[in-house]
């Protein structure tokens with residue numbers, strides 16, 4: 001049966017308009033993105049099959065081009081459309097950060113860092129540069145490494161902070177292992193960066209570790 005033959009309150013698009021996106025299942029949200037199904041299958045049927053094939057909505061959203069296009073009903077056009085949607089979401093979070101004090105909205109800050117860093121299969125060290133009112137000036141990915149770690153150079157972090165005329169920074173990196181607990185090396189580099197930046201009166205407000213579904217704040221843990 002075609003979706004247009006379903007009761008109005010069960011159709012994904014109408015359901016979203018009436019009850020909001022939170023009321024929809026992963027399959028229903030994906031069906032709206034797909035718009036159409038394939039021969040003999042509605043968009044919802046196809047969405048359910050794709051979620052089962054990839055294992056989760058997150059796995060589908062983070063699939064590379066080859067994996068994505070190999071799935072039935074998907075292709076380059078859908079891949080580019082999806083990447084555009086994901087990037088708009090990241091930019092919306094970034095714009096939200098830039099309009100306020102990151103210390104008064106730490107959840108948005110952490111959601112943004114998760115969106116930027118979680119999917120990497122290797123370690124990425126990044127930095128949020130802030131003005132004297134703790135508003136975001138810029139976000140930069142500074143160092144990339146392997147699954148086990150990334151080499152961080154305080155001189156380069158200092159150079160970029162001065163280039164942005166930053167008054168404070170929030171450090172961040174991901175743990176591809178998914179575990180957000182800090183290593184001894186994480187604690188050491190945080191202290192080195194804190195000391196180096198203090199020489200030019202730039203404060204390290206926090207160091208966020210992004211894991212799989214969790215984050216850790218050095219400030220909240222008392223490690224700064």
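Quick reminder: no glycine exception, Cβ is built from N, Cα and C everywhere.
When the ranges 159-172, 173-186, 187-200 are checked against Swiss-Prot, the one recorded as motif 'JAMM motif' is 173-186. Of the listed binding-site residues, namely 173, 175, the sparsest Cβ surroundings within 10 Å are found at 175. Residue 173 (Zn(2+) binding site) carries a strand DSSP state (E or B). When Cβ atoms from all protein chains are considered, those within 10 Å of residue 186 (Zn(2+) binding site) total 21, not counting its own.
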